[in-house]
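Have a look at the structure below, then the notes.
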Amino acid sequence: MAGCGEIDHSINMLPTNRKANESCSNTAPSLTVPECAICLQTCVHPVSLPCKHVFCYLCVKGASWLGKRCALCRQEIPEDFLDKPTLLSPEELKAASRGNGEYAWYYEGRNGWWQYGERTSRELEDAFSKGKKNTEMLIAGFLYVADLENMVQYRRNEHGRRRKIKRDIIDIPKKGVAGLRLDCDANTVNLARESSADGADSVSAQSGASVQPLVSSVRPLTSVDGQLTSPATPSPDASTSLEDSFAHLQLSGDNTAERSHRGEGEEDHESPSSGRVPAPDTSIEETESDASSDSEDVSAVVAQHSLTQQRLLVSNANQTVPDRSDRSGTDRSVAGGGTVSVSVRSRRPDGQCTVTEV
């Protein structure tokens, strides 16, 4: 304890200006480059994730393709992080593009050339100066082979995909360094990228892509003459034929009602000729609900709402009513040259059914 007191006392006895100067010189940390927890080396173009962990840009790129999560805390990496990374030192990227020597190494991208990172450039220059025919490079967790004779690079386990490389002066126009664009303009960044670990510009072209129109799933209706009509706009020929059929039905309704057998109390009900025939409805949304309400209005003639229901009604009438009181057997021609048989069945209070075909 005495030693600690003496240390504190000696520090307090120092002059004020000297303490300030020494504190500045001793405590001011030098700008050290952080180490990457993925490659276990000094970070090259360090970037900071949203979780504040720092890695090499290419190391993050390789890790994001494998798991899309931080290598330390497993927090999810945003989808657009590779296109809009958070660089700790943007000035370092510009300095790397200027280079330290006269020559630099480049790999081919879309509409331009990319400069290799500082570490990879040193490896390539060292192999080239020693006269090697090829050398291996570890980029974003993938092993690449640089063929220095044919000046191409490819993955060691995928020889089919090759990319040109070259050794050129440092001042040539370039797109960026190691997949990082020198012009970090949001308008020039395309979010659709392929899996290219070397940071090449492998953006898929989307300008020619067009939006395909949605195909309607509604099946069109078929008119009487076989032509396709829209569900919302029924065929005018079909509507006209139905109206003519019901008009003919109204004229022959009196004779049909008189010839049919009448039960007790039916004299008080109106005949179909004195009632008003409802207008036909060709809406596809309607169902057979009107057929169940015939007993409530015995004088009303039930109008069927589609040609399919009319044909089903004719087949049912042939099975349930063998003896019909009247059958006109006349078919009306429609616009397409075909014929249609319209049948309407009415129910009377005594349970008998009267079927009239037009």
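For all residues, glycine too, the Cβ spot is worked out from N, Cα and C.
Listed in Swiss-Prot for this protein:
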- 36-74: zinc finger (ZN_FING)
- Lys84: ubiquitin cross-link (CROSSLNK)
- 91-167: domain 'WWE' (DOMAIN)
- Lys94: ubiquitin cross-link (CROSSLNK)
- Tyr107, Arg110, Trp114, Tyr144, Gln153, Arg163, Lys175: glycoprotein binding site (BINDING)
- Lys130: ubiquitin cross-link (CROSSLNK)
- Lys175: ubiquitin cross-link (CROSSLNK)
- 253-358: region 'Disordered' (REGION)
- 283-297: compositional bias 'Acidic residues' (COMPBIAS)
- Ser289: phosphoserine (MOD_RES)
- Ser293: phosphoserine (MOD_RES)
- 305-322: compositional bias 'Polar residues' (COMPBIAS)
Recorded positions: Lys84, Arg163, Lys175 - member with fewest neighbouring CB atoms within 10 Å: Lys84
Rounded to the nearest Å - Cα separation of Tyr144 (glycoprotein binding site) and Lys130 (ubiquitin cross-link): 19
Other C-beta atoms that fall within 10 angstroms of the C-beta of Gln153 (glycoprotein binding site): 26
Remote residues contacting the zinc finger (36-74) - C-beta distance under 8 A, at least 6 residues beyond either end: 81-82, 85-89, 92-93, 96, 117-119, 138-142, 177-180, 195, 197, 199
Using Cα positions only, nearest of the recorded positions to Lys130 (ubiquitin cross-link) (Lys94, Trp114, Gln153, Arg163, Lys175): Gln153
For Lys94 (ubiquitin cross-link), the number of other Cβ atoms found within 10 Å of its own Cβ: 11
Integer mean pLDDT for the zinc finger (36-74): 88
Site extent for glycoprotein, whole Å (max Cα pair distance, Tyr107, Arg110, Trp114, Tyr144, Gln153, Arg163, Lys175): 21
CB contacts for Tyr107 (glycoprotein binding site) [other CB atoms within 10 A, all chains]: 25
Arg110, Lys130 as recorded positions, winner by CB count within 10 A: Arg110
Assigned conformation of Lys94 (ubiquitin cross-link) - DSSP reduced to three states: helix
Distance, Lys94 (ubiquitin cross-link) to Lys175 (glycoprotein binding site) (CA atoms, angstrom): 12
Trp114 (glycoprotein binding site): tally of other CB atoms within 10 A of its CB: 25
Pairwise CA distance, Gln153 (glycoprotein binding site) versus Lys94 (ubiquitin cross-link), rounded so that it is a whole Å: 25
Rounded to the nearest Å - Cα separation of Trp114 (glycoprotein binding site) and Lys94 (ubiquitin cross-link): 13
